Amino acid sequence: MNSFFGTPAASWCLLESDVSSAPDKEAGRERRALSVQQRGGPAWSGSLEWSRQSAGDRRRLGLSRQTAKSSWSRSRDRTCCCRRAWWILVPAADRARRERFIMNEKWDTNSSENWHPIWNVNDTKHHLYSDINITYVNYYLHQPQVAAIFIISYFLIFFLCMMGNTVVCFIVMRNKHMHTVTNLFILNLAISDLLVGIFCMPITLLDNIIAGWPFGNTMCKISGLVQGISVAASVFTLVAIAVDRFQCVVYPFKPKLTIKTAFVIIMIIWVLAITIMSPSAVMLHVQEEKYYRVRLNSQNKTSPVYWCREDWPNQEMRKIYTTVLFANIYLAPLSLIVIMYGRIGISLFRAAVPHTGRKNQEQWHVVSRKKQKIIKMLLIVALLFILSWLPLWTLMMLSDYADLSPNELQIINIYIYPFAHWLAFGNSSVNPIIYGFFNENFRRGFQEAFQLQLCQKRAKPMEAYALKAKSHVLINTSNQLVQESTFQNPHGETLLYRKSAEKPQQELVMEELKETTNSSEI
């Protein structure tokens, strides 16, 4: 990330046309330089020597303090132009001596006895005289205002993630009647999102506002592994929820998943997450950056820069692994979620309810509103997943495959990557809101867990589940009886009985929709 700040020390841009070459002016400058040396000071002492020059001397140099300052501010984004401004300010005689010295001597970059003017270019400190291109970066990568925006933004999603997912876990584990297949998937989603909040958000924020890796090699591997596993488990759980909802709505007559099967699927999710992220943990190492040092304070105290990064044998292997992660953690889950929710939406749209009778008309309007609400919810779920993770994966693919300029990479790493991470982690903050608090059963479980009373007393959840189970049995029995009578009377009454058989099946579909709406299956 910080490898795009520096430029080779040999690429200095000299501008001598602004300095007068008249013999009297050269002699005058040499006399001033000699008088300064006789007083015990250096031939050039930066801004102090500039202040000692008379106004006439500054006019003869063709520069004034204001002109030089404005020239510096206009060109501070280009290192070459910044050094050009420095060479303008150096007296000609002293500049010539230093040019000869640079050609004949090698300066020690860590020696305090040598003369090392340091200039701030994009918050980066450069040693102008150095045979080794060492770039000095500030410990904090951003101004305090920008860092405050990052901290507040990350703290907001961290707070929502921790509070929301903790409440979801508490509700599901506290109420035994909520131990259903879908709720177990939601519980697993909340656990993985909690891991994202604990291990991903603080470390990513720290990495985005300071230079280097402040922890050791063990923490580098553990944090990288846990971050990858938690993100992968969260995405895989979203796919499991989509498949479970798809089976309940599109194929309501097929056997549903059992609690035991749900536990097996959850174990498979975590095993897959560990397997796909293990190569990253193996390749993660803390490495010292040879050409960069961190400037810790205003007294020019510095320290080495360490990075926690993947050390692949070659760039092609890194590209292959990035592509595998992109396909398995974003592209394939996204395709499955869109396909499953698309099929659910089509099934809801095609579901028919009898239109005859005033009661049926009212039922139709109620069902129509429920269908619209459910379809909107499915669209929101799919769009949030797409928009949350697309920027981060796009940046990761661009970093590995696109031929970006150093300036583009610098902007991406310092400003765009923090926003992309924030957007991706925000998905873990909104998941408990979408999958938990938007359904009636979780609100009821929240009320029971914290013993809250509403104005209207509601039936106990166990009784509600029992009534739903009885209604399912009655609907299935009536459906089978009607189908049997249809086969026994294949002539004139077939159409009548076929219409009769259609109603229980549609009622069953709408009952499934109602149940999934209330128990997070839609």
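Glycine is no exception: its Cβ is also placed from the backbone N, Cα and C atoms.
Source: prediction; values computed, not measured.
According to DSSP, CYS220 (disulfide bond) is assigned to a helical segment. Its Cβ taken as reference, CYS220 (disulfide bond) is surrounded by 21 other Cβ atoms within 10 Å in the chains shown. Per Swiss-Prot, the feature disulfide bond maps to CYS220-CYS308.
Sequence annotations record features per position, and here Swiss-Prot assigns N-linked glycosylation site to ASN110 (among others) based on sequence analysis.
If you look up Swiss-Prot, you'll see ASN122 (among others) marked as N-linked glycosylation site.
Positions annotated as N-linked glycosylation site by Swiss-Prot, on the basis of sequence analysis: ASN133 (among others).
Annotation note: ASN300 (N-linked glycosylation site) sits in a coil segment as assigned by DSSP. Per Swiss-Prot, the feature N-linked glycosylation site maps to ASN300 (among others); the stated evidence is sequence analysis.
For the topological domain 'Extracellular' (1-147), the mean pLDDT of the prediction comes to 42. Residues or ranges marked as topological domain 'Extracellular' in Swiss-Prot (evidence: sequence analysis): 1-147 (among others).
The annotation topological domain 'Cytoplasmic' is assigned in Swiss-Prot to 169-184 (among others) on the grounds of sequence analysis. The DSSP breakdown of the topological domain 'Cytoplasmic' (169-184) into helical (H, G, I), extended (E, B) and coil residues amounts to 13 helix, 0 strand, 3 coil.
Residues or ranges marked as topological domain 'Extracellular' by Swiss-Prot: 206-221 (among others).
Annotation source Swiss-Prot lists topological domain 'Cytoplasmic' at 243-262 (among others), citing sequence analysis.
Taken from Swiss-Prot, the feature topological domain 'Extracellular' applies to 284-319 (among others).
The topological domain 'Cytoplasmic' annotation in Swiss-Prot covers 341-377 (among others).
Residues or ranges marked as topological domain 'Extracellular' by Swiss-Prot on the basis of sequence analysis: 399-413 (among others).
Positions annotated as topological domain 'Cytoplasmic' by Swiss-Prot, on the basis of sequence analysis: 435-522 (among others).
Residues annotated as transmembrane segment in Swiss-Prot, with sequence analysis given as evidence: 148-168 (among others).
The transmembrane segment annotation in Swiss-Prot covers 185-205 (among others).
Summarising the annotation, Swiss-Prot assigns transmembrane segment to 222-242 (among others). Within the same chain, residues 182, 185-186, 188-189, 192-193, 195-196, 199-200, 203, 215, 265-266, 269-270, 272-274, 276-278, 280-281, 284, 308, 328-330, 333, 336-337, 340-341, 385, 389, 424, 427-428, 431, 435, 520 sit at least 6 positions outside the transmembrane segment (222-242) and bring their C-beta atoms closer than 8 Å to a C-beta of that stretch.
Counted as Cβ pairs under 8 Å, contacts with the transmembrane segment (414-434) are highest for 378-398 among 148-168, 185-205, 320-340, 378-398. Beyond the transmembrane segment (148-168), the same-chain residues lying 6 or more positions past its ends with a Cβ under 8 Å from any Cβ of the stretch are 142, 186-187, 190-191, 193-194, 196-198, 201-202, 204-205, 208-209, 418, 422, 425-426, 428-433, 435-437, 442, 446.
Distance between Cα atoms for CYS220 (disulfide bond) and ASN133 (N-linked glycosylation site): 27 Å, as a whole number. Taking the Cβ of ASN133 (N-linked glycosylation site) as centre and 10 Å as the limit, one finds 17 other Cβ atoms among all the protein chains shown. Counting residues of the topological domain 'Extracellular' (399-413) by DSSP class, helix then strand then coil, yields 11 helix, 0 strand, 4 coil. Between the CA atoms of CYS308 (disulfide bond) and ASN133 (N-linked glycosylation site) there is a gap of 22 Å, rounded to the nearest whole number.
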